[in-house]
Amino acid sequence: MAKQPGLDFQSAKGGLGELKRRLLFVIGALIVFRIGSFIPIPGIDAAVLAKLLEQQRGTIIEMFNMFSGGALSRASIFALGIMPYISASIIIQLLTVVHPTLAEIKKEGESGRRKISQYTRYGTLVLAIFQSIGIATGLPNMPGMQGLVINPGFAFYFTAVVSLVTGTMFLMWLGEQITERGIGNGISIIIFAGIVAGLPPAIAHTIEQARQGDLHFLVLLLVAVLVFAVTFFVVFVERGQRRIVVNYAKRQQGRRVYAAQSTHLPLKVNMAGVIPAIFASSIILFPATIASWFGGGTGWNWLTTISLYLQPGQPLYVLLYASAIIFFCFFYTALVFNPRETADNLKKSGAFVPGIRPGEQTAKYIDKVMTRLTLVGALYITFICLIPEFMRDAMKVPFYFGGTSLLIVVVVIMDFMAQVQTLMMSSQYESALKKANLKGYGR
């Protein structure tokens with residue numbers, strides 16, 4: 001059979017076409033996200049809200065606004081952001097460990113994964129309703145903010161709750177669509193887009209502070225150096241691996257004899273990625289935000305106290321944030337990596353770690369190595385998230401230059417680029433396979 005001219009080009013073009021479609025879908029989804037962040041909740045005076053957020057600079061409210069992509073400052077329907085979904089995911093994942101029924105469902109494979117996802121959606125709905133009620137009832141009672149809600153009453157409460165819940169559920173659906181039909185993790189990309197959208201105004205505000213003399217030029221230079229240093233360090237660690245040597249003994253399958261081979265099992269230093277930072281932020285933001293909204297009301301003074309203790313830079317905030325990061329590093333790594341399963345797969349394929357017996361001993365060895373790596377990864381994420389926060393608080397620069405936001409931006413970009421490269425390589429691999437098949441037919 002003769003080789004058809006231009007078929008290789010068409011195969012390569014088809015692979016690039018798939019990549020192009022996925023990229024365009026991600027871009028389109030992010031455009032929708034940005035448009036939605038400008039659609040306001042009816043009945044709120046945006047000018048008064050902007051004044052409120054100006055007073056809340058450097059507090060947990062500004063941090064919440066950063067994660068929502070500025071939607072909170074515009075009283076948008078996306079003001080809750082994707083945080084209720086993340087909180088629900090944390091709760092469901094924890095329950096799959098401690099609840100026998102959910103643990104069994106999780107073991108059912110694809111069908112179990114779909115059920116867990118469905119429960120997460122239900123949890124998101126409940127948390128979104130709870131948080132939206134908190135915001136809707138808390139806004140009219142904010143101290144010194146008369147006129148924030150133009151006409152407080154049942155109509156406003158109902159409209160605000162429906163708008164906020166609908167916005168969160170839409171963002172959850174949009175994130176799932178990006179994961180399925182786009183590139184990368186949809187939820188991480190939405191958070192990334194929210195942070196990046198606020199970077200230009202934050203940079204402009206910082207430069208303006210330096211120009212007016214409110215911020216010393218050397219401090220501005222130090223901030224720039226810190227940002228580049230953190231970015232470099234994140235890239236360096238995220239690409240770091242611990243390679244366990246794996247040997248394949250000489251074996252025979254049918255009539256073919258395979259010679260002994262040596263390779264390695266790569267284990268990332270930070271296997272959990274950016275998830276611990278996002279989960280920890282969600283855990284801190286949820287009670288702190290509710291306390292901030294309700295704290296001004298009569299009889300809720302104890303919530304004001306909690307809100308003050310949970311502000312960025314406070315000892316309790318630092319302790320809880322660091323503890324949450326370390327916990328979620330170990331928890332999420334245990335979810336995505338199973339040493340026993342890895343050891344069993346090595347044993348089935350005839351591979352072994354030199355000096356370690358296959359099976360149980362190999363599983364224990366891999367688990368020990370992974371535990372040490374996870375500890376290093378947890379300390380690294382804690383350092384990245386907290387040290388720049390202290391410096392940011394001392395220099396009075398926006399949250400966008402903090403360690404958490406920089407970590408999320410850098411890691412999401414790296415994961416995105418890695419998936420783009422994977423898609424391109426898979427399209428080239430398919431093209432090579434088709435080419436090999438055509439050569440076989442032509443003989």
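In case you wondered, yes, glycine gets a Cβ from its N, Cα and C as well.
Because the structure is a prediction, the values reported are computed rather than measured.
The record in Swiss-Prot shows differing topological domain names for ALA46 and VAL245, meaning opposite sides of the membrane. Contact count against the transmembrane segment (184-200) (Cβ pairs under 8 Å) is highest for 23-35, out of 23-35, 116-131, 274-287, 314-329. As a quick check, the transmembrane segment (274-287) and the transmembrane segment (165-178) miss the bar of 3 or more Cβ pairs under 8 A, pairs 6 or more apart, so the two do not touch. Within the chain, the transmembrane segment (116-131) has long-range Cβ neighbours (under 8 A, six or more residues past its boundaries) at 80, 83-85, 87-89, 91-92, 96, 102, 105-106, 161, 164-165, 168-169, 172, 286, 289-290.
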